[in-house]
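Enquirer: What TrEMBL records for this protein is below:
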SIGNAL    A:1-22  signal peptide
TRANSMEM  A:38-58  transmembrane segment
TRANSMEM  A:79-101  transmembrane segment
TRANSMEM  A:153-173  transmembrane segment
TRANSMEM  A:185-204  transmembrane segment
TRANSMEM  A:216-236  transmembrane segment
TRANSMEM  A:267-288  transmembrane segment
TRANSMEM  A:300-326  transmembrane segment
TRANSMEM  A:365-393  transmembrane segment
TRANSMEM  A:414-432  transmembrane segment
TRANSMEM  A:438-459  transmembrane segment
TRANSMEM  A:471-494  transmembrane segment
TRANSMEM  A:506-524  transmembrane segment
């Protein structure tokens, strides 16, 4: 077996936003496991099927609106599943169940942070976004402001967020394929890059959405089955499950209560998760795929339901793994790390859900769950690529460079070229970052989304006084603060750069960077006495009426 | 949207009603969610043993488990409340405003 030097902390944690945020690094080496033919065959079936869908979608993708937003023809229910799919990544599935497996109750706490952002998005953002925008969130942010500076800012922060996320996913794919399929790192990075480009290039948003929906359904079914089997072994008595888990776990009753947490870090993490979700460009873009505000609302309702249900399942799966997998013969291995012998689950804690699949459903089901876990990465990266491509073609090319005079065919061509370029960049970065500690990257992406995109988007919809100067300066202040504080904080300064102590004490800077972004946006807006600022404020009333009523909003194009 | 439509909408009392109802419901529910979640975070930060206490004497299940599940359910219920109200009452009001503006 080929042994990789990267530790699991940098491998899997990068994939797992929750854990990356929370730190609590799981240490251990990623070892390439024996070739898992069941998983590989089922994955090939998944790819073949989704390629069929891409072919079908390609025949229906003609206009820019088709490419970016599937012509606005996705239903609220479908979009809800697709949004849930964006959330139910390999990260949440393997990462949260691993966290429950290791720490018990704390795993549930992190999943909550991811969920509670959704209601707030629904109440304050979703329908206004749908009524005002067309393809990207920059449409909304720049609605009554100057196009060039605001879109340049929005495109920059979109590309930074997409790049961070992509690197984390690519490296995660490389590490996971060793664990799940027993194939090597580079094969995964190249394969994921190529498939991602195929989905987006040929099938646009329609294919990307369906890949996401199929994956979400498969994962929900698989996880439901596992949770059902776990509960059936204890006669559907949660109390009995907890008793058995407490008896089996080395930490005993401690797994039933919360661990220690720093209040500032906890609140800051909560803010990054909550407002970051409302500022992630690939998530915001999903709201333009439905026909109107009504469907946009429904999508959040369904998404919240599916995501909440899924997190309850991962909690049961984590406890099920403690009960049925931990210390069972054949499931444990002893490895040497830093000169010490430690006994761990074969492949590390992140394999908890995978081993449980084997324990409750045998080899075939193990293959199924492995294939689905890996497929989740494909769906997520496709959404990211589409979001990055639209920032370049719609915001930079069509609005900034061509001043809104680009013809549609050229704009689509630019986004397709960008998709290919992003694919190449993603593969290169995936290979370059193989042995780097990138645990901070998803945390950084969420912090930037929360500190740069969210304040500007929110103020553009809610505050008449916002001006171009305020938006651009405030947005860049939020972006820079988030980046600088993460670099100076424990995740990069200590864990990556190997300094002794962090210059900034908190792992999650969101509470500071979000506040600073809001304050500077406000300050540079109210002090802006220019003529254009007055005009921008005057345009707010018309924007407000449209955001409330949807008069003038783009509708669904019929095929 | 032309000036004429804009003026008609703005001067329509139904529009004021819609804005008031939609905005206040949106903020009320947002605050409810924030209070539930950050209240939970505060308990975690300052009194974690409250959540770690057994649900009943002799039980393994702790108070934190049903509380966690309830928070997840509350997110779902709050979104459901909003969608029901917005897709029913508010959208009806909205349709009337749009129709009256285009007369």
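Each residue, glycine too, has its Cβ placed from N, Cα and C.
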Enquirer: Hey, does the transmembrane segment (A:438-459) touch the transmembrane segment (A:300-326), meaning at least 3 C-beta pairs closer than 8 angstroms, sequence gap 6 or more?
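Expert: With fewer than 3 qualifying Cβ pairs, these stretches do not touch.
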Enquirer: Which of A:79-101, A:185-204, A:267-288, A:438-459 has the most Cβ pairs closer than 8 Å to the transmembrane segment (A:414-432)?
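Expert: So the stretch in question is A:185-204.
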Enquirer: Per the 3+ Cβ pairs under 8 Å rule, pairs at least 6 apart in sequence, do the transmembrane segment (A:365-393) and the transmembrane segment (A:471-494) touch?
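Expert: Between the transmembrane segment (A:365-393) and the transmembrane segment (A:471-494), contact is absent.
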Enquirer: Counting Cβ pairs under 8 Å that are 6 or more apart in sequence, does the total for the transmembrane segment (A:216-236) and the transmembrane segment (A:471-494) reach three or more?
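Expert: The transmembrane segment (A:471-494) and the transmembrane segment (A:216-236): touching, no.
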Enquirer: Can you find at least 3 Cβ pairs under 8 Å between the transmembrane segment (A:438-459) and the transmembrane segment (A:38-58), where each pair is 6 or more residues apart in sequence?
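Expert: They do not touch: fewer than three Cβ pairs between the two stretches lie under 8 Å.
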Enquirer: Where, among A:153-173, A:185-204, A:267-288, A:471-494, do we find the most CB pairs under 8 A to the transmembrane segment (A:38-58)?
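Expert: It is A:185-204, which has the most Cβ pairs under 8 Å.
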Enquirer: Which stretch from A:185-204, A:267-288, A:471-494 shares the most C-beta pairs under 8 Å with the transmembrane segment (A:79-101)?
Expert: A:267-288
Enquirer: Could you pull out which residues elsewhere in the chain have a CB under 8 Å from any CB of the transmembrane segment (A:185-204), counting only those six or more residues past its ends?
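Expert: For the transmembrane segment (A:185-204), the list is 4, 47, 50-51, 53-55, 57-58, 61, 66-68, 70, 169-171, 173-178, 210-211, 377-378, 381-382, 385-386, 389, 416, 419-420, 422-424, 426-427, 430-431, 434.
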